[in-house]
Amino acid sequence: MKRAVCSNGRSAASDACCIWFDVLDDIQQNLFDRGECGEETHELTFHDAIGFSPQGGGADGSIMAHFDVETNFHANTGVDEIIETQRPFALKHNVSFGDFIQFAGAVGVSNCPGAPRLEFLAGRSNDSQASPDRLVPEPFDSADTIIARFADAGFSANEIVDLLASHTVAAQDRVDPAHQGFPFDSTPGVFDTQFFIETLLVGTAFPGNGSANQGEVESPLAGEFRLQSDFELARDSRTACEWQSFVNNQNLMAANFRAAMAKMAILGQDRNLLTDCSEVIPTPKAVSNTPTLPAGKSRTDIQGSCSATPFPSLTAASGPATSVPPV
Ligand code: HEM
Ligand SMILES: [Ca+2]
Ligand SMILES: [Mn+2]
């Protein structure tokens, strides 16, 4: 079949995909600061899409269209800034908010070395209803509550773990506002397995001011932040084996994340009515780093929680205890 001719010598299987090359150029330059590993937009993919229940909603752009409602939800505190930054790009290119949020998320992830190249389907309507409150999980929710919420949206316990690979390139700003940019693993610029290793280490202290915020538990490394929800899901019998399976398996982690993200990105949408524009998403750089026990830690610091399989043996880094700078 003849390919559609797009800007700057590029082409696409469908005419409808050409516009996304222009959006790509614009956001790489002006939203991601020349291709930075962008955490923020990719958080928005989740907060828009998980506003879904069998009653409706989902990855429909509602968080941007009805930001006056949805950003008042406690779990969306602070997300208003990301929305304000992104909305002008969607309006300028005249694409739907739902498409834009998922596209920006996929491009943001592609800027992180080691990430899978995510699927991107275009064609979501720009009509949406505001999501009801209490659908976005909170870091202080119990494993039971989180697993039940995801089940209501159609995700298994293992798929929660798959989606949480996103926390390998993430940091907190709002749980402890006095210590913004404290990341969830020691390599927040790399989509690697360190998040799954480090969340299983014994917690030793609260970074920053030394005391707990709501949804925070003790972390194992100076400067690293640990969410209570990550701590619990790493150790819960329903999620611990999927969690451990990623510890030394980058390819499995990346493949499962890709599949779960593809599902999340079309919550509430009909896949058959969308156009596959995945070829517009850049191919992420590969990584070759070895999954590692951070310096200063040993096997005895690991709280292995999968009863079916022993914790895999890992290379231990040497040198002074790892300390993680903010992002
Ligand atoms: C169990 C469910 C989840 C909970 C309770 C949770 C909770 C949180 C919290 C509390 C933060 C810190 C926000 C801040 O203080 O600025 C955060 C950050 C983040 N989360 Fe999650 N999350 C969950 C699942 C997910 C999923 C499924 C994704 C994406 C697919 C995701 C992507 C992110 C990203 C990218 C950030 C970093 C944002 C930034 O750097 O500003 N999270 N998460
Ligand atoms: Ca990482
Ligand atoms: Mn939504």
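Cβ atoms are placed via backbone N, Cα and C, with glycine included.
Those TrEMBL annotations? Automatic predictions, nothing curated.
Quick look at what TrEMBL annotates:
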- Cys6-Cys18: disulfide bond (DISULFID)
- Cys17-Cys277: disulfide bond (DISULFID)
- Cys37-Cys112: disulfide bond (DISULFID)
- His47: active site, proton acceptor (ACT_SITE)
- 72-281: domain 'Plant heme peroxidase family profile' (DOMAIN)
- Thr168, Asp185, Thr187, Asp192: Ca(2+) 2 binding site (BINDING)
- Cys241-Cys306: disulfide bond (DISULFID)
- 284-327: region 'Disordered' (REGION)
- 301-316: compositional bias 'Polar residues' (COMPBIAS)
For Cys306 (disulfide bond), which residues in the same chain are close in space, meaning a Cβ under 8 Å from its Cβ, but six or more apart along the sequence? Ala240, Cys241, Trp243, Gln244, Ser245
Return the count of C-beta atoms lying within 10 angstroms of the C-beta of Cys17 (disulfide bond), excluding that atom itself. 22
Under an 8 Å Cβ to Cβ limit, what residues of the same chain, 6 or more beyond the ends of the compositional bias 'Polar residues' (301-316), are close to it? 197, 200-202, 220, 234-237, 240-241, 243-245, 247-248, 290-293, 295
Local confidence of the prediction over the domain 'Plant heme peroxidase family profile' (72-281), expressed as mean pLDDT: 97
Drop a 10 Å sphere on every Cβ of the binding-site residues Thr168, Thr187 and tell me which sphere holds the fewest other Cβ atoms. Thr187
Restricting to the chain of Asp192 (Ca(2+) 2 binding site) and a gap of 6 or more, list residues whose Cβ falls under 8 Å of its Cβ, or answer none. Gly114, Thr168, Asp185, Gln250, Val287, Asn289, Pro291
Is any of Cys6, Thr168, Asp185, Thr187, Asp192 (recorded positions) within Cβ reach of ligand 2, i.e. under 6 A, and which? Thr168, Asp185, Thr187, Asp192
Below 8 Å Cβ to Cβ and six or more residues apart, same chain only. Which residues does that give for Cys37 (disulfide bond)? Gly108, Asn111, Cys112, Pro113, Val169, Pro188, Gly189, Val190, Phe191
Going by DSSP, is His47 (active site, proton acceptor) part of a helix, a strand, or coil? helix
Those recorded positions from Cys17, His47, Thr187, Cys277 that fall inside 10 A of Cys6 (disulfide bond) by CA distance are Cys17
C-alpha spacing of Cys277 (disulfide bond) relative to Cys18 (disulfide bond), in angstrom: 9
Reduced to three states, what secondary structure does DSSP give Thr168 (Ca(2+) 2 binding site)? helix
Which has the fewest other Cβ atoms within 10 Å: Cys18, Cys277, the disulfide-bonded residues listed? Cys18
With neighbours defined as other CB atoms within 10 A, the best-packed of the disulfide-bonded residues Cys6, Cys112, Cys241 is Cys112
